[in-house]
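Participant: Structure below; questions to follow.
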């Protein structure tokens with residue numbers, strides 16, 4: 001399939017929005033930004049065999065390529081609007097492209113995201129997406145807004161995607177519920193929107209809870225104490241592994257795309273109302289303290305030290 | 001160099017702008033769009049050995065990665081503002097990254113472009129840039145605005161980059177002036193801005209003049225008659241090859257990143273004033289007619305048919 005036919009194939013399926021003056025098919029897209037909003041821009045690339053296992057279904061790759069970018073917008077408290085897509089393919093493959101678009105556009109439609117442009121090139125399989133969203137001035141959730149005394153929260157459950165990846169790496173077949181979390185992460189857009197004006201700092205859990213909370217600590221100039229036994233786990237994760245492995249996946253496993261966020265100490269009721277409205281469970285997992293990094297403690301007050309092996313394993317899957 | 005050090009290395013050198021609320025280092029960038037402007041978004045990827053010859057100097061790759069995106073903005077008549085960069089590298093290489101940033105940021109600084117975010121990943125060498133610009137509502141230069149009776153123009157000179165690539169492919173060393181056009185294209189931003197309100201349709205010459213003007217014809221529902229003997233050639237191209245090869249490069253060679261545009265028939269004086277103000281030569285090369293595609297004629301009125309070989313050769317280098 002020549003490049004121009006491929007672009008036409010994508011254009012024919014891309015959704016629209018009233019604020020798109022000009023979408024796919026010119027040198028650039030033309031977009032209208034409301035005067036009372038700031039523009040939010042995130043960009044994430046997925047490479048074959050690095051960010052998804054080789055042989056992942058095309059529709060899952062398409063879904064995930066958009067999901068990881070939507071997750072960045074969720075972590076800013078932004079409303080999604082438009083995206084551009086750069087697709088590098090080693091050879092033309094109509095079936096793969098159609099499958100990819102099935103997954104990509106299903107998630108785009110669910111969040112009213114218009115695909116407005118991009119690029120198609122020949123090269124090793126790689127997908128780069130730039131996601132554009134809108135947020136009210138002053139309401140963005142930033143990494144540098146955590147303060148000592150704040151509560152720390154996580155949405156949903158942690159460790160499922162990391163466990164699925166570890167099982168795949170070991171040659172095993174992960175339970176469907178875990179594999180689904182790896183292949184089709186759910187960006188927490190509604191929760192991010194509801195946390196605007198409620199939460200202080202936020203980040204999405206893509207590298208692993210510890211690594212990501214460390215980013216918040218570094219940006220905010222604080223430390224955190226996290227309660228290991230409070231970390232939310234799914235039934236599928238509880239059934240799949242023992243407590244030690246579970247802790248490793250919950251703290252070091254990436255690809256969960258949950259939100260981790262901080263709130264002023266008296267905001268519990270507001271957080272729970274936001275979570276209820278968004279239809280997502282939230283768990284209070286710790287507190288912000290003076291200091292530098294994240295430290296983990298179990299219910300008996302013993303500090304838990306992540307193993308170098310745990311970090312290294314997941315560092316290769318960022 | 002671990003990913004976070006690499007990001008820090010990039011952040012330390014990225015430029016700023018007053019309208020950047022939040023740049024590199026959070027989940028997404030936060031930007032202020034003026035209420036009287038539309039947002040213009042272009043995205044282009046460069047793959048090693050496809051969009052630049054293997055072994056191209058890192059600084060030239062950095063320059064070109066931004067230049068091809070700025071060129072898309074030029075073709076819209078937009079003013080550049082912010083960019084995001086996704087860099088896939090097979091292995092950490094401080095020297096290569098520093099060289100890449102030298103070229104990328106030199107051009108960014110020249111056009112007051114702030115690098116506000118992006119991604120760094122492990123994978124085959126590939127660079128994806130999303131470029132954001134601003135344009136006054138109604139002043140964007142679009143591909144669908146050419147009308148029968150309009151004049152067709154090209155900026156600068158055509159064919160230099162294609163000739164350099166053909167010489168490289170043949171194992172020869174291109175003259176420096178030609179190689180420079182291939183490695184360090186000049187995005188015609190000032191000309192694009194000056195043509196707002198003057199030109200009708202515009203496109204940048206990236207795939208080759210014929211292929212690109214055919215895009216304008218398709219989008220506008222028109223044909224074009226192009227005067228072969230009017231096509232602008234540099235002294236370097238005139239010296240490097242005979243007339244037949246030159247014509248092939250001027251019509252089918254990509255990578256020139258000149259602007260091709262149409263204007264109402266009585267706009268000659270305004271075009272020349274715009275070009276003078278932008279410091280770029282422009283040449284009237286033909287006219288828009290009713291029809292479907294671009295046709296080329298020499299001074300004796302004979303139609304020139306591009307060879308399949310010419311198209312195919314450059315189709316591999318889009």
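Cβ coordinates are placed from backbone N, Cα and C, and glycine is handled just like the others.
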Participant: For the Mg(2+) 3 site that TrEMBL gives with B:27, B:72, which of B:169, B:183, B:204 also belongs there?
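Facilitator: Candidate listed by TrEMBL for the same site: B:204.
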Participant: For residue B:51 (substrate binding site), what is the secondary structure by DSSP, using just helix, strand and coil?
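Facilitator: The residue in question, residue B:51 (substrate binding site), is coil (DSSP, three-state).
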Participant: For residue B:207 (Mg(2+) 5 binding site), what is the secondary structure state per DSSP, taken as helix, strand or coil?
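Facilitator: In three-state terms, residue B:207 (Mg(2+) 5 binding site) counts as coil.
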Participant: Restricting the comparison to the binding-site residues B:44, B:72, B:119, B:255, which residue's C-alpha is spatially nearest the C-alpha of residue B:206 (ATP binding site)?
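Facilitator: Among B:44, B:72, B:119, B:255, B:255.
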Participant: If you count the C-beta atoms lying within 10 Å of each candidate's C-beta, which of the binding-site residues B:27, B:204, B:207 ends up with the smallest number?
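Facilitator: Counting other Cβ atoms within 10 Å of each of the binding-site residues B:27, B:204, B:207, the minimum falls on B:207.
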Participant: For the binding-site residues B:118, B:119, B:206, B:207, B:255, which residues show a Cβ-Cβ distance under 8 Å to chain A?
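Facilitator: From B:118, B:119, B:206, B:207, B:255, flagged as close to A: B:118, B:119.
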Participant: Find the one among the binding-site residues B:44, B:72, B:118, B:204, B:207 whose C-alpha lies closest to that of residue B:255 (substrate binding site).
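Facilitator: Considering only the listed binding-site residues, the nearest one is B:207.
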Participant: On the DSSP side of things, how many residues of the domain 'PurM-like N-terminal' (B:25-135) fall into helix, strand and coil, could you say?
Facilitator: 36 helix, 45 strand, 30 coil
